[in-house]
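K.L.:
Dropping the structure in here first, questions after.
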Amino acid sequence: MEARTTDLSDLYPEGEALPMVFKSFGGRARFAGRVRTLRVFEDNALVRKVLEEEGAGQVLFVDGGGSLRTALLGGNLARLAWERGWAGVVVHGAVRDTEELRGVPIGLLALAATPKKSAKEGKGEVDVPLKVLGVEVLPGSFLLADEDGLLLLPEPPSGVRSGG
């Protein structure tokens, strides 16, 4: 990803912006890709199930309700995401294994880290519209992330490709 979210936001005013309240935990601070969505609460079984699919440069956006009590992604799932070709994962919630996450060469954003693991019951919804920080996150939209924030567009901007 070469273009900056600030420049693209100016060029595409129809884009939705999420402020950088997220912390970067992965090996890449800048990444972009088509969005897959997931809504869960303190249960990461569906996170694993989706990340086991071929990522093809997509970004998984996980709405964990902003809960910081349990981690929805750790080192094992981050490595799985990288091995399956995901460009990144955004977690509106917490992660763990932060030292391991830094070594995985994809974008990994979350609100915070916590040592506590999540439930594994498989509760949640896949590929549904999300509302995070007042912004609608739609499956199939295009997400660009860098140090200035996250930008959601209906289609990829000219010259921007998925990946890091």
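Cβ atoms here come from the backbone N, Cα and C positions, even for glycine.
Below, the features straight out of Swiss-Prot:
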BINDING   GLY74, GLY75, ASN76, LEU77, ARG96  substrate binding site
BINDING   ASP97  divalent metal cation binding site
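So that I understand the layout, could you describe where these features sit and how close they are to other parts?
P.N.:
Sequence-distant neighbours of GLY75 (substrate binding site): residues of the same chain at least 6 apart with a C-beta under 8 Å from its C-beta are ARG96, ASP97, GLU100, LEU101, VAL104.
Counting every protein chain shown, 20 other Cβ atoms lie within 10 Å of the Cβ of ASP97 (divalent metal cation binding site).
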K.L.:
Quick one: which residues besides GLY74, GLY75, ASN76, LEU77, ARG96 have a Cβ within 8 Å of the substrate site's Cβ centroid, in sequence order?
P.N.:
ALA71, LEU73, ALA78, ARG79, VAL95, ASP97, GLU100, LEU101
K.L.:
Relative to the Cβ of ASN76 (substrate binding site), which residues of the same chain, six or more apart in sequence, are found under 8 Å away?
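P.N.:
Expected: ASP97.
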K.L.:
Look up LEU77 (substrate binding site) in the DSSP assignment and reduce it to helix, strand or coil.
P.N.:
helix
K.L.:
Roughly how wide, in whole Å, is the group GLY74, GLY75, ASN76, LEU77, ARG96 that binds substrate, by largest Cα to Cα distance?
P.N.:
10
